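Novice: As annotated in TrEMBL:
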- Arg41, Arg47: NADP(+) binding site (BINDING)
- Arg128, Ser129, Ser130, Gln252, Ala253, Gly296, Lys311, Pro312, Ile313, Pro314, Thr315, Arg337: FMN binding site (BINDING)
Amino acid sequence: MKIRFLTAGESHGPGLVGIIEGLPANLPVDLKRVNHELYRRQQGYGRGGRMKMERDQVEVLSGIRFNKTLGSPISFILRNKDWANWTEIMSQGEGKEERVITRPRPGHADLPGALKYDFDDMRNVLERSSARETAMRVAVGAFCKELLYHFEIQIISHVLQIGPVKANMDVVQEMALREDALLKADESPVRCLDPQASQEMMAFIRRAKKEGDTAGGVIQIIAKKVPPGLGSHVHWDRKLDGQLAAALMSIQAVKGVEIGLGFKGAQLPGSQFHDEMFYDGSKLYRNRNNAGGIEGGMSNGEDIVIQIFMKPIPTLMKPLHSVDLRTKENFLAHKERSDVTAVPACAVVAEAAVAQVLADAFCEKFGNDTITDMESAFNRYKERIKL
Ligand code: EPS
C-alpha cells in the first residue's frame with residue numbers, strides 16, 4: 001500500500017480530521033476543487049436538516065505549499081457548525097447527560113457497538129458510526145482525484161435506482177459514456193441520468209418521508225481512461241477488484257458491490273459473458289465490457305464499471321420495534337434527525353473510495369516520490385504497451 005489515510009471525529013463534536021500520506025511531491029492541488037467535492041456530497045434530494053446547516057470546507061494544516069504537494073502527509077480539519085448546539089452534550093470534560101440513547105435502531109451500529117465497547121448510552125457509538133465521517137472520505141478522495149486528473153483519469157457516479165424506482169438502463173448507459181456525464185448527474189437532485197426516473201425517484205422519496213420511512217438504492221461508478229495493469233494477479237491482497245470492493249463496502253450502509261455485469265453474469269454461458277478481443281490494424285479492442293474493466297485482479301484498459309447497493313437508512317421517523325437496553329422493556333427504537341435517503345450523497349462518497357484505491361494502485365505501479373518521475377514512468381509504460 002502506497003497511500004494511507006486516517007480519519008477522526010464525531011458527528012456532533014468540534015470537527016472532523018483527516019491525514020493522507022503517500023501522494024507524490026509537486027502534484028498541483030486545487031483546493032477549490034477539493035472543497036467542491038465536499039459541496040457535491042452535501043447535495044441530494046431527501047437529505048435532512050443537518051445539510052442545510054453545514055458548509056463543509058477543509059482547512060489544510062500541512063503537506064501543501066504554493067498550490068503543490070510537498071510529499072509530506074497532508075492533514076486537514078473540517079469544523080462542524082452544529083457543534084455549537086452540542087458543546088455540553090459532547091463535552092470532553094464535565095457535561096450534561098442529555099439525548100441519551102438506550103433503544104438501539106435495528107440496522108444501525110447501536111446494539112453491536114454498545115455490546116462491544118461496553119456503553120449504555122449508544123450516543124457513544126452513533127457519533128462515530130454516523131455517515132458524517134464520509135465527509136473526510138470525500139476529502140481524502142478529492143486529493144487522490146487531483147493525482148488521477150493529472151493523468152486524465154475521470155471518475156463519475158450516477159444513481160440507477162432509489163427504492164423500487166429504476167432508471168431506464170438504455171438511456172443512462174448511453175449518457176454515462178458521454179464527456180459531460182458527471183455534470184449531468186450533478187444537475188439531477190437524485191444524481192440520475194434519466195430525467196423521467198429522476199422525477200419518479202423524488203416522488204417516491206416524498207412518499208417515504210410522509211410515511212416516516214427511508215429508502216435505499218443502487219449506484220453506478222465508472223472510472224474512465226484507467227491504464228491497464230493496475231492491481232496484480234500475483235497475490236490476493238493486491239487484486240484491484242478486491243481492494244475496490246473492500247473500500248466501497250466500508251462506506252456506511254453499503255451492502256453490496258458488483259463489478260461489470262455483476263450477478264447478472266451468473267445466467268450467461270462463458271461464450272456470452274467474456275469480452276472478445278479484436279485488432280483493428282492499430283489497436284486491440286473488445287466487443288463489450290462485461291468484465292467491468294478488471295480481469296485477473298488487474299485493470300485491462302476498459303472503463304472500470306461498478307455497482308453498489310446502499311441499504312435504507314436505519315433511523316426511521318416511524319421507528320421499528322426495539323428493546324430498551326437499560327430497563328429491558330419492549331419499546332420503539334430511538335428516533336432523531338436524519339435523512340430519508342442519502343443515496344445521491346453516497347454516490348459521491350463512492351467516487352472518493354474508488355479514487356483512493358486507483359490512486360494507490362497508480363502510485364504502486366509508477367512510484368510516488370515526485371510527479372515528474374511518475375510521469376516518466378507512466379510515459380515509458382504507455383510506450384511499451386502502445387496504449
Ligand atoms: C450526515 C450527518 C448526519 C446525518 C446523516 C449524514 O447528521 P445528523 O445526525 O446531525 O442529522 O444527516 O447521517 C446518517 C444518516 C447516519 O445514519 O449517520 C452527513 O454529514 O452526511
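Cβ coordinates come from backbone N, Cα and C, glycine included.
Just so it is clear, the model here is predicted, and its values are computed rather than measured.
Relative to the rest of the structure, where do these features sit?
Specialist: In the three-state DSSP assignment, the secondary structure recorded for Arg41 (NADP(+) binding site) is helix. Within the same chain, residues at least six positions away from Arg41 (NADP(+) binding site) with a Cβ under 8 Å of its Cβ are Asp56, Thr134, Ala135, Val138, Ala345, Val348, Val349.
Within the same chain, the residues at least 6 positions away from Ile313 (FMN binding site) whose Cβ sits under 8 Å from its Cβ are Thr214, Gly216, Ala253, Ser338, Asp339, Val340, Thr341, Ala342, listed in sequence order. The secondary structure of Ile313 (FMN binding site), as reduced to three states from DSSP, is coil rather than helix or strand.
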Novice: Mind running the binding-site residues Arg128, Ser130, Ala253, Lys311, Ile313 against ligand 1 and keeping the ones whose CB falls under 6 Å of it?
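Specialist: Listed by sequence, the hits are Ser130, Ile313.
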Novice: How many Å lie between the Cα of Ser130 (FMN binding site) and the Cα of Arg47 (NADP(+) binding site)?
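Specialist: Cα of Ser130 (FMN binding site) to Cα of Arg47 (NADP(+) binding site) measures 14 Å after rounding.
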Novice: Which one of these binding-site residues has the most other Cβ atoms within 10 Å of its own Cβ: Ser130, Thr315?
Specialist: Thr315
Novice: So among Arg128, Lys311, Thr315, all listed as binding-site residues, which is physically nearest to Arg47 (NADP(+) binding site)? Use the C-alpha atoms.
Specialist: Thr315
